[in-house]
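Scroll down for the structure; my scribbles are underneath it.
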Ligand code: NAD
């Protein structure tokens with residue numbers, strides 16, 4: 001995919017290769033005493049590009065974690081950060097383990113030891129390398145990592161900025177947990193604001209009533225499906241999980257399915273909809289928007305030809321293989337690529353990092369002042385209304401809504417929405433204006449690689 005894009009660019013000799021390669025990958029093996037014996041774990045932290053520092057990227061806990069995967073995901077982080085103008089290089093980490101096999105206190109011991117091994121080599125560091133959550137990790141793990149780093153760097157006043165995705169009470173930011181799913185929603189909303197792009201996918205009308213199939217009801221998939229159904233009027237007609245899928249043409253209640261999974265570990269047995277044991281078959285269901293939000297490589301040469309959705313939104317990283325990408329392009333499907341679609345997480349991580357470094361919550365200084373100024377206008381409107389012979393009234397709720405100054409969550413959502421819109425517009429422009437660019441993925445790569453190349457040109461090697 002990278003090669004397809006650089007073939008259309010005019011980069012100085014050698015720069016293409018410099019950008020392509022992964023700068024460094026650190027492999028660590030460490031032992032933890034668990035259940036009466038020593039267990040050895042293998043972990044990675046890969047740094048793809050340091051054209052900007054710190055480098056940024058999640059830490060994944062999964063059995064399939066390996067060096068190739070971590071390096072590919074680190075590269076994707078470089079382009080993702082460049083595309084959404086988060087001032088970071090790209091990195092990624094992973095630990096080979098299935099977190100569901102361990103008790104919470106065991107996971108804490110493993111996470112702290114992994115964090116120690118990485119921090120010791122500045123592979124966790126507020127100005128060098130800042131991890132975040134990914135598959136199999138969340139607020140809890142980030143909180144342990146932050147605490148471990150702080151214990152090792154007791155005088156570092158910026159210690160909290162060593163990792164993002166922390167819970168709000170431990171240095172996190174409002175809206176980080178929902179951020180990637182929220183970003184997926186904003187990405188789809190922005191796509192729907194571009195008539196020429198919708199036309200390319202053969203989609204008409206607005207989001208209201210559009211049918212959605214989502215794979216993976218974890219952090220990203222759950223939030224994306226919840227917001228699309230509760231706020232945009234979409235109908236989630238299919239949910240695919242580890243143990244199978246649920247299909248209901250009338251639309252599934254995302255919240256209820258999520259609660260069911262929380263209690264029973266899977267979707268089987270849920271009261272509504274039809275249970276399909278071979279969940280991956282539901283990727284081929286007739287729908288308007290397909291949102292793979294679980295694993296990589298799920299849409300591949302084996303099933304790409306059967307995918308019917310005209311719009312595929314890569315909420316997960318790498319859900320469509322290069323071969324499948326070609327088949328889908330030939331079929332005329334539009335793919336909103338991972339590099340852009342799931343960039344909401346790193347965008348809000350950027351806000352969290354800035355918050356940690358500035359040591360103040362967003363909105364704290366300006367909120368009441370903003371409210372006071374709005375109050376002036378409302379008072380004046382009410383005075384004019386009382387003085388007017390016609391006698392008019394403010395719309396119910398107007399006062400309440402207008403008077404309320406923006407708190408941290410509103411500001412985070414506003415910054416995220418702006419970021420997602422701006423990045424989409426840059427990609428869409430390239431897609432629509434260049435005859436040699438026929439898909440959004442290539443357009444995104446062009447925008448992102450150009451920014452990385454510009455940074456290298458400016459600062460030298
Ligand atoms: P998660 O662990 O919270 O959720 C993953 C979900 O997928 C779980 O519900 C799991 O049961 C389900 N799943 C696993 N195997 C499956 C299978 N074979 N079929 C169907 N469902 C399956 O992970 P997440 O954080 O939501 O991440 C999902 C994807 O999004 C990953 O590709 C990740 O790299 C990407 N991503 C995450 C973030 C973030 O902020 N968390 C940011 C950017 C990208």
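Note that Cβ sites are derived from N, Cα and C of the backbone, with glycine treated the same way.
When TrEMBL records 56, 349 as binding substrate, the matching candidate from 80, 331 it lists for that site is 80. Listed binding-site residues: 56, 219, 349. Those with a CB atom under 6 Å from ligand 1: 219. In the three-state DSSP scheme, residue 134 (site 'Important for catalysis') falls into the coil class. Figure note: comparing Cβ neighbours within 10 Å for the binding-site residues 219, 349, the maximum is reached by 349.
Relative to residue 92 (active site, proton donor), the binding-site residues with Cα atoms inside 10 Å are 56, the candidates having been 56, 80, 180, 219, 349. In space, 180 is the closest of the recorded positions 134, 180, 219 to residue 349 (substrate binding site), judged by Cα positions.
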